[in-house]
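To keep things clear, I will list the structure first and then write my remarks on it.
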């Protein structure tokens, strides 16, 4: 069977080595004669897995000791509400920076739970010569007392990424669902990081939360127990039965990434992949991208065909060539190639070759 390259934005492709290992031990994990899906989450074997997973993640991201690492339910949207409920209380205020669809969704959830009087927002995307560009505000000039400022460094729908570190007088809460471990960051700059697993970590159903200890002292709203960070810390992410298979696969992905040399190594590969694809887009007037170069996403490359009537043919022929899930989000249309950690350079090279051939045929 010829290679299939899956460019889905999420759930995304997993490393082939991880999938093969999971396949090999699906029915007999750790020599127990049963699947990892069937063992107790409180058994010594699974507890050992969780401890190793946390240790590996801490090593990969250089997480300081005053941060807790949580493996939780609910994905990114679950964290939209959890952040508000855990940190705002009845009087606290927060600032949301809006750069695209996912930061807008986080803002909407915060407004729903806390109301407009507690939630402020700033749109940080402007048009520069017809292209989307991020303009970060000077937060130190804002006269307000916020519990936190929330932002999403990478917008998967819009193909926008913020590479500059945010400078804030208030704790920073960041949705890193699509960029976690794709490039190095300084975790100590953040009050809380959350990430749905289904892009760079594992299958859907799991979310990673990295929270600084002092954030847990903020007043909280009444909320469901399973989304309470304090209870999650107290019970080692096992207040209730966790998504064990997703946790297992996340652990395997962490081990795989370590075997490649860690985040610094994969970051170089990710940069190569993005540069290769954007070079193809820029070199050919048949394709266009709507984001300034400084804010083009490395993880989610969005582009349009000069002739939209060819979109269907492009997708059909791409799929026949083993290049799947390239259709853009329904909100923006066009095409989108997601280049998460598991996507090999060969997959991007195959896409570029196809795009050049398609453009030559239809120009």
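Backbone N, Cα and C define each Cβ position, glycine as well.
Quick look at what Swiss-Prot lists:
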BINDING   42  L-glutamate binding site
BINDING   76, 77, 102, 156, 175, 198, 240, 241  pyridoxal 5'-phosphate binding site
MOD_RES   199  N6-(pyridoxal phosphate)lysine
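Spatially close to residue 241 (pyridoxal 5'-phosphate binding site) yet at least six residues away along the chain are 41, judged by Cβ distances under 8 angstroms. Of the recorded residues, residue 156 (pyridoxal 5'-phosphate binding site) and the residue listed as 'N6-(pyridoxal phosphate)lysine' place their C-alpha atoms 10 Å from one another. In this structure, the CA atom of residue 102 (pyridoxal 5'-phosphate binding site) is 14 Å away from the CA atom of the residue listed as 'N6-(pyridoxal phosphate)lysine'.
Cβ environment of residue 76 (pyridoxal 5'-phosphate binding site): 102, 175, 177, 194, 195, 196, 207 lie under 8 Å away, each six or more residues apart in the same chain. If you measure from the Cα atom of residue 42 (L-glutamate binding site) to that of residue 240 (pyridoxal 5'-phosphate binding site), you get 11 Å. Shown are the recorded positions 42, 77, 199; of these, the residue with the fewest other Cβ atoms within 10 Å is 42. Residue 240 (pyridoxal 5'-phosphate binding site) sits 24 Å from residue 199 (N6-(pyridoxal phosphate)lysine), counting Cα to Cα. Every protein chain considered, the tally of other Cβ atoms within 10 Å of the Cβ of residue 240 (pyridoxal 5'-phosphate binding site) stands at 12.
Cβ environment of residue 198 (pyridoxal 5'-phosphate binding site): 10, 11, 12, 75, 177, 204, 205 lie under 8 Å away, each six or more residues apart in the same chain. DSSP assigns residue 241 (pyridoxal 5'-phosphate binding site) to coil, not to a helix or a strand. Maximum C-alpha to C-alpha distance over the listed pyridoxal 5'-phosphate-binding residues 76, 77, 102, 156, 175, 198, 240, 241 is 31 Å.
For residue 156 (pyridoxal 5'-phosphate binding site), the number of other Cβ atoms no farther than 10 Å from its own Cβ, over all displayed protein chains, is 26.
Residue pair the residue listed as 'N6-(pyridoxal phosphate)lysine' / residue 77 (pyridoxal 5'-phosphate binding site) shows a Cα separation of 14 Å.
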